[in-house]
Amino acid sequence: MKQVSVVLGTLSLLVLMALQTPTGVGADRLRPKGYTKTVANLQKFYVEFERQVSREFHQWQEQGTMSPHFRQLIDASRIAKSERAQEVRELPTAREGPLCAICRGFGGSVLEFRREGASREEVFNTTVELCTMLNLQEESICRGLIELNIDPILYIVDNRPELTSASLCAVVFQSGACVLDDLTFSSWQVDLDPNGTPVTASKSGTARRGPNDLKIVQITDLHMDPNYRTGYNADCGAPACCRESQGIPDDPAAGAGHWGDYRACDTPWNAVEDLIDRVVEDHSDADYVYHTGDIIDHGIWETSIGYNVRSINRVIEKLREAFPDTTVYNILGNHEAHPTNVYELGEVTRPDFSTNWLYHLSADLWSHWLPRATQQTIRLGGYYTALVRPGFRIIALNNNDCYTFNWWILYQPDALKSQLQWLHDVLLLAERSGEKVHILAHLPISSDCFSVWQREYRRILERFRDTISAQFHGHTHKDEFNVFYASERPEFAVGVAWNGGSGTAHTNVNPNYVVYYVNPETYEVTDFESYAYNLTAANLTPDERPDWFRMYTFQEEFGLSDLSPAGVDELIQRLGTPAGRDELRRYWEFKVKLADASLANDCNESCLLNHLCEIVTNQADDDRKCQELSETFFD
């Protein structure tokens with residue numbers, strides 16, 4: 001899943017890429033009092049910090065030695081090892097300012113260094129050294145990440161002379177402390193059909209689960225690691241551990257389990273096979289399967305096109321064997337690209353930067369299940385639409401283009417409009433045809449998508465709220481959901497998105513999959529069941545298959561009248577009060593899939609509030625619903 005290499009070409013990005021892996025810590029969504037004033041003061045601090053770093057950086061390059069002051073700046077900026085393993089969005093609000101400063105100070109210096117004529121080799125060596133000194137990753141991982149990303153980043157820097165470190169850091173960090181003040185990134189819009197109706201109430205829906213409901217299984221984030229080895233080092237400090245190259249640790253407790261590991265480890269092939277086989281054995285009556293991306297592991301510093309192709313082929317072949325007659329709707333994850341997260345956008349003519357290899361591969365592999373008409377858009381951009389049955393349509397997005405770690409956003413941000421406009425146009429045709437639509441997208445809209453993309457997606461969702469019956473996401477590895485509210489009338493809920501969790505245990509979660517029940521007329525989700533196994537118990541009996549169990553049934557657990565936006569909003573309001581605290585804790589326990597490692601860390605009331613805020617926050621700069629819930633949370 002998640003996120004720097006050279007600031008894009010340069011250290012700014014470097015800072016981020018090193019923070020590319022997920023944890024079980026909840027995002028710090030609730031901003032403290034005085035936040036706006038703090039951010040205003042930070043803008044002045046950034047300018048001074050950049051000035052100091054730039055002066056000392058130039059002296060280092062000219063004289064070949066670092067001054068004591070420069071070393072002090074580096075020492076003060078060095079991040080903790082624990083921060084390496086966190087998504088930027090999962091870091092505490094108090095860290096937003098310091099990390100933005102690191103990005104702008106050191107990244108800005110490298111950006112300037114390149115524009116003053118530094119060669120690729122000079123930029124590479126400098127950023128590797130800074131990456132290591134700032135403790136972003138170990139030297140070998142810094143070297144691998146920068147080598148994989150430096151060429152597209154330098155291309156962007158060289159061809160966007162107006163790109164500043166302030167804009168660069170604001171896009172990639174997307175935190176309130178990094179202010180984006182550049183119309184190049186925000187002035188584009190989707191052309192929206194004007195015939196929608198204003199939102200005057202929350203969207204209600206189908207009541208309870210019925211005997212004729214469709215059954216849809218979601219499998220997501222398998223993260224199969226062909227280098228996983230039982231007994232090898234699970235506590236290695238890299239974005240992905242438990243790998244053959246990392247050796248067998250002296251302490252047996254640090255060794256990888258047979259079925260996976262709660263630490264920063266991905267999924268052994270035997271566990272991937274078992275999950276898919278369990279779905280076939282226990283849910284042979286499934287009507288469809290949604291496979292929502294991230295086949296590739298977290299070894300983001302040493303991927304290659306050939307490596308990714310082999311893993312993708314292996315997993316899709318297993319799915320084809322398991323579901324020869326059941327349609328599997330596949331989408332791409334951010335890890336399928338090489339380099340990780342980097343999906344070409346805009347008018348880039350260099351073939352070595354193209355993502356076409358992945359699109360053509362996907363079109364070929366997915367053709368077993370999909371109609372021929374889907375081929376054109378899959379080969380164009382990895383997305384498609386298909387009529388499942390009369391009145392019911394799938395729209396499968398490749399929204400990895402909006403990931404803030406997709407460097408190409410910095411090159412031509414308005415190129416993001418293309419796929420969103422296509423989404424709008426398909427929804428408009430579906431509306432006119434009386435069809436209901438499920439949208440599949442790997443990245444949750446609330447999770448790491450560029451804020452302007454989020455803004456435009458919300459406009460589309462609100463306009464076509466009566467056509468869109470459900471949304472399905474992956475990426476976060478959590479069993480969770482998001483509620484969307486009208487932008488101008490945030491008291492009204494207009495959509496719900498369900499997250500299928502993950503097949504991987506990376507990090508501190510149990511593997512799982514989800515079974516949805518869908519009304520055959522409205523195509524709304526009426527209920528779902530989440531299935532998991534306890535990884536601790538499974539690894540105690542490596543010669544036996546894991547003991548999968550139904551973790552919970554959503555309606556049964558939370559007693560909803562229905563799972564419409566209106567119905568789920570009622571649950572949110574209940575969870576946002578002291579009377580709903582036990583239910584909210586139970587939601588968090590299911591979110592981490594009852595994983596021993598997460599339950600041992602516990603989640604206090606502030607933590608629980610953050611998890612509640614994650615449900616209702618769908619745009620980086622819009623925390624209105626979170627603030628509203630915080631006012632009732634401690635009553």
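All positions are counted from 1 along the displayed chain.
Cβ atoms are placed via backbone N, Cα and C, with glycine included.
Under the heading signal peptide, TrEMBL lists 1-27.
Residues annotated as domain 'Saposin B-type' in TrEMBL: 96-182.
Neighbour count (other Cβ atoms within 10 Å of the Cβ, all protein chains): 26 for C142 (disulfide bond). Annotated disulfide bond per TrEMBL: C131-C142 (among others), in sequence order.
Annotation comment: TrEMBL describes D221, H223, D294, H477 as Zn(2+) 1 binding site. Other C-beta atoms found within 10 angstroms of the C-beta of H477 (Zn(2+) 1 binding site) number 31, with every protein chain shown included.
Around C236 (disulfide bond), the same-chain residues six or more apart in sequence whose CB sits under 8 Å from its CB are C242, R243, Q246, A264, listed in sequence order. Summarising the annotation, TrEMBL assigns disulfide bond to C236-C241 (among others).
According to TrEMBL, the disulfide bond annotation covers C242-C265 (among others). Counting every protein chain shown, 28 other Cβ atoms lie within 10 Å of the Cβ of C265 (disulfide bond).
Per TrEMBL, the feature Zn(2+) 2 binding site maps to D294, N334, H442, H475. Counting every protein chain shown, the Cβ of H475 (Zn(2+) 2 binding site) has 30 other Cβ atoms within 10 Å.
Same-chain residues at least 6 positions away in sequence with a Cβ under 8 Å from that of C449 (disulfide bond) are, in sequence order, N399, C402, Y403, T404, L443, Y457. Among the features that TrEMBL reports, disulfide bond is placed at C402-C449 (among others).
Annotation source TrEMBL lists disulfide bond at C603-C607 (among others).
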Residues satisfying Cβ distance under 8 Å from C241 (disulfide bond), sequence separation of at least 6: Y232, N233, A234, D235, A256, D261, R263, A264, C265
From C131, C142, H442, C603, C607: recorded positions whose CA lies within 10 A of D221 (Zn(2+) 1 binding site): H442
Integer Cα-Cα distance in angstrom, H223 (Zn(2+) 1 binding site) to H442 (Zn(2+) 2 binding site): 13
Alpha-carbon spacing, N334 (Zn(2+) 2 binding site) to C607 (disulfide bond), which is rounded to whole Å: 27
Among C131, C142, D294, C603, C607, which are recorded as recorded positions, the nearest neighbour of H475 (Zn(2+) 2 binding site) by Cα: D294
Protein Cβ atoms within 10 Å of H223 (Zn(2+) 1 binding site), excluding its own: 28
